[in-house]
Amino acid sequence: MSELRDTRLEKARTLEELGQGPYALTFSPSHRMAELQVTHADLPKGEERDVSVSVAGRVMTRRVMGKLAFFTLADETGSIQLFLEKAGLEAQQEGWFKQITSLVDSGDWLGVSGTLRRTDRGELSVKVSDWRMLTKALQPLPDKWHGLADVEKRYRQRYLDLVVSPDSRETFRRRARLVSGIRRWLDQRDFLEIETPVLQSEPGGADARPFETHHNALDLPLTLRIATELHLKRLVVGGFERVYELGRIFRNEGVSTRHNPEFTSVEIYQAYSDYVGMMELTEQMVSAVCEEVCGTTTITYQGTEIDLAPPWRRATMHELVQDATGLDFNGFSSREEAAAAMTAKGLHAPELADSVGRLLNEAFEQAVETTLIQPTFVTDYPVEISPLARPHRSKPGLVERFELFIVGREHANAFSELTDPVDQRQRLEAQQARKAAGDLEAQGLDEDFVMALEVGMPPTGGLGIGIDRLVMLLTDCPSIRDVIAFPLLRPESRKGEPPSVE
């Protein structure tokens, strides 16, 4: 590899000596590749069109055949063949054919001008009359046919992955369209996006361990946000009846194919709504954005057809667990009774699950979650695991909460929001006690948030959707690292250590 780099460095010096320069300042292409292909699709084989064009892009392949050469030049929209003829180039400037064929390598950025012709094989080509080196690449590209076989290298050197993989480029185009589609859908319905703090003195809104940092000037310990929930609710208190934020969240947790410590979510709050209203919003928005991005609401994920057309299935957590295990958690009077019944069914009942409600959630995660392939709203969660949700209007011990599962993964989480400040304080104090006892993921007591609730928050529905997992679904990607341009990876110097997997 070092010999190839040295050779390319020498070519860069030669270009400098010839007055070309290996790194141009600007170039003004007249067309992009896709535009040329569409506009001149009617050009017959073997014919030329006396139309002057200029294009720019990266040289992907090159073939030199005596007095002829053929390069493939690619920009973001597509590619086109360059037809280089010694006689034509030498007529423009002596030595040009030799220079372009000997000094230009695959990977270089090139700007060319010329006319159009279609080869006898039907390939639309630019017959080059003028060329300019835009950037001399010192490193070679991966093999054209095999790309980056090393999956980890694709993540570490995403720029190479994007150069050689049209599928990777399309994944990130779809991600961008999905994000803009969600914002557009919400904006058209009078939701207002407002940015909330990333640095916080009291993290809240989720059960998660935060990243910690320190503000030197104020001598103040801070954390990166683990959710946007509590600040968005403050905005509802302040009078913004439809508000959302789409942005980055940070949780100091393990990594897996479904988890990255830095990820993207959208949280949405709507006054005068509840969790039923947020179910309707979720299925309408996700299906609409899916159709916009994919052209259909029926997609295939890892070989399984998924139908995202509303309405989606709705089922309570109790119903799903009872159907899967035969256990009726409504009939258990103590934690010990529930744990014994779970053990008899071959389910694990961890000591940290210290109530019937927490054990119900454990049974759901072990026996049900991965079976929910088609879109399913799982509703009515135990109050113990939902400290920010409103008590259920008719089911004691439960809250008005749902999670959306597709292909066995959680994609969204929503509540009828808790607006009673006295109840909220009691629940956060219980969380604070768990935190003091060593639960690193328990929430603390945010006094200012409770004060905001005392000012008064109207009935509100709240929703959070994981953007990365939704992109995985719509791009048929098996790992979250495939849809995050630059995922967090262990330093190469520590690659031999066992992975930290959640």
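Every residue gets a Cβ built from N, Cα and C, even glycine.
Listed in sequence order, F377, V378, Y381, E410, A412, N413, A414 are the same-chain residues six or more apart from E403 (Mg(2+) 1 binding site) with CB atoms under 8 A from its CB. Residues or ranges marked as Mg(2+) 1 binding site in Swiss-Prot: E403, E410.
Marked as Mg(2+) 2 binding site by Swiss-Prot on the basis of sequence analysis: E410. Following the DSSP three-state reduction, the secondary structure of E410 (Mg(2+) 1 binding site) is strand. The Cβ of E410 (Mg(2+) 1 binding site) has 16 other Cβ atoms within 10 Å, all protein chains considered.
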